[in-house]
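Okay, structure first, notes after.
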Amino acid sequence: MKKCKHCQLSFNENELITDEFGNKFCCNGCKEVFYLLNNEGYAEFYEKLGKNKLDPVSSLKKFTKENTENFYKNYVKKTDDGFNEIYIIIEGIHCAACVWLNEKVLFNHPGIIEASINASTHKAKIIWDESTTNLANIFNLINSIGYNAFAYDPKRSQKRMDAKRREYYSKLLVGIFVTMNIMWIAVALYSGYFSSISQANKDLLHFVEFILATPVIFYTGSVFFKGAKTSIKTRVPNMDLLVITGALTAYFYSVYVMLTRSGEVYFESAAMIITFVFGGKYLELLAQKKAVDRLDSFSNLLNSEVMVKNGDNFEAKDLNLVKKGDIILINSGDKVLVDGKVISGSGSFDYASLSGESLPLFKEKNLSVDSGAICLDGSLTYEASCDFKSSLLNKIITLLENASFKKSKIELLTTKISGYFSAIILSLSLVTFLCWMIFNSDLQKSILVAVSVLIVACPCALGLATPVATLVGLSTGLKNKIIFKEAAILESVAGCENIVFDKTGTLTKGEFEVINFTKFKEFDENLLLNLVKKSNHLVSKSVFKFINDKVKFNDLKFSEFSEIAAKGVKAKYQNFDLIGGNFKFLNECGIECKKSDLTNYFFAINGEVVAKFELEDMLKEDAKMLIENIKNLGLKPYILSGDNEKVVENVAKKLGINDYKADFSPLQKANFIKNLEKVIMVGDGINDANALSIATVGIAMGNGASISVEKSDVVLMDESLKSLYEMIVISKKTLKTIKENLAISFFYNAITIPLAVFGYIIPLIAAFSMSLSSLAVVLNSVKNLKD
């Protein structure tokens, strides 16, 4: 028998293909893959495989449809840098070596910018330059190394999850039913000790136990075999290896006893080990599915259709094919999937899933509708202001998809510890066996004690401690209209010690009211009206509203216009040099003016102040409570504002904030943040963009969800201070839960491992207690969903 050079399977020599170098292959597919990996410099893959085997590569499929325009529209997105991005599922991944190979091959392929694979879901994120390669080439590349790829589809993914749940359920039923019957037989055998059961009856009962235990080990326990195979291939011991080693040791020892009629069998222990641990896995699957379902609820909209006007009729059109300018029909019960503006009709819309707004919002002609809102009553048509890929809803879906690809530091650490821990336990089990044999000389007892050590010390609880808690944290956040862009941000928020607020629009309502208006000289108020209309600042908007109530607006074309963030605006119209802004800005422009204790806005024409506005911004009702609450959480609050000293001081005193800075430019805010450590920055996302990017965690609020999605590390869909507080609480609670889970795991091991080593725990109790510790970790995490 000779082995195939690629898949390592054994064949008769006359069945193999021999190349000019004497290498033997079972098929042309294996031959092609072997040459490809060696020519591309990936021979290291075979070293990682060691003596393990692969499935033969029977044929290499050629992908072509992936390059069609329709396929691109359905599955491919554009990144901010202009590259293409797609999420795919890679079939055939069994282990870390498979992930390593795929990422290595993809990343080294010309034109591929990024390739990252989630080892547990086999979902991959690929970004590439279309001018260098295309999607069909990428799919063919994956296929050429023996794997299959297809575009990620949320509905298909849901079917896979449901199929896995059904598979686990059937395996668990077999395990429970068979194990219960084995236990009854074990009871009969134990009672036989006292009633002198005959050897013939004993042999019969042993054989029946063997028949019943076998499907539990090899059917119910098949998932552990796959995990153990992965462990052996990658040379990284894991929980599955410990479980299957323990169960098989008890199983084959019992087979030996049955055949030689020496000692007692432990088929019930082997079956119970598999059933108890698998039962824990099934409960983990249900808990994870509950959290994932919530995270995937938005993604399920990707394959929807909308009613788009075509001539005089409305026809169903694929969501991904909708273009800017399309006329879309919305009826009662429909969900808005693309942003736009109403052109006819009216209706009430539920915005709860977007902003948490409990009351319906009425929409009619010329008002905008946001993707994600649900029409409660009425009927209307609206014009799409963008395609689906540019819509708010798709941006949210993208955030949720990206969140699972970056692990937190503590999760990476616990994963690493789990690997070392498993290796230590395997060694400890072997040493325990040898010590018991040396000092006790009882093979049966030595094997049972070693098996107990293997099972009781499985790092399942340790491995689950972080990922389950993190998944629940992300899901709980989404339930409260809070989206964390990355799972790692939960840990970052929890570790912050300072929180910095920009005043306007965050702690205050951002709805300035003009208290005093002073006109120093007559001027054309339409000049001021046009100037402030072009500005995005909240003060400018309030001045526009005040003037617009008094003067009819006539659109003017400025020859020059510029806006200086957090300061003001400059423009030129005919012979007029126009400047509008705060006291500091006008002084910098060489214009003298006198400020008051309120928020000031000055308007100057040709270097002379002609008008002054004094404005007041009211505090948000829950601002004071927020500051008290975050102080109780151990965070130190700051205010950084571009407003004048008196205004900022007044707000700080009302809120009980001792540290504040006034007349700060965006650059000064950024420098202040840079000098702080572990800081959350809360700003408007426009003037504070630089400070938000420098902060440990940046949160934009006050300018709508679309700005928040672009600029924030955490998106608060309702932009409320309550959500800001809940975001901090969820993060701290998640980190606390992770630490509790780790404590449960370490405490459990500290108690049970010594007991197992000294023979006080039998394999049956070991399996039960190990499953109990894993269940405790899952339940401790899931309780966050109910809080």
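Placed from the backbone N, Cα and C atoms, the Cβ positions cover glycine too.
The domain 'HMA' annotation in TrEMBL covers 84-150. Taking the domain 'HMA' (84-150) as a whole, pLDDT averages 79 in the prediction.
Annotated transmembrane segment per TrEMBL: 168-190 (among others), in sequence order. Long-range contacts of the transmembrane segment (168-190) within the same chain, counting only residues at least 6 positions beyond its ends with a Cβ under 8 Å from a Cβ of the stretch, are 197, 202, 205-206, 208-209, 212-213, 215-216, 219-220, 222-223, 264-265, 267-268, 271-272, 274-275, 278-279, 281-282, 285.
Per TrEMBL, transmembrane segment is recorded for 210-228 (among others).
For 240-259 (among others), the entry in TrEMBL reads transmembrane segment.
For 265-283 (among others), the entry in TrEMBL reads transmembrane segment. Long-range contacts of the transmembrane segment (265-283) within its own chain (CB-CB distance under 8 A, at least 6 residues past either end) are made by residues 168-169, 171-172, 175-176, 178-179, 182-183, 185-186, 189, 206, 209-210, 212-213, 216-217, 220-221, 223-224, 243, 246-248, 250-251, 253-254, 257-258, 448, 451, 455, 458, 460, 762-764, 766-768, 770-771, 774-775, 778.
Look at TrEMBL and you will find 417-439 (among others) tagged as transmembrane segment.
Marked as transmembrane segment by TrEMBL: 451-474 (among others).
The transmembrane segment annotation in TrEMBL covers 746-779 (among others).
Outside the transmembrane segment (240-259) by six or more residues, the chain places 203, 206-207, 209-210, 213, 217, 221, 223-228, 230-232, 265-267, 269-270, 273-274, 277, 422, 425-426, 444, 447-448, 450-452, 454-455, 457-459, 763, 766 with a CB less than 8 A from a CB of the stretch.
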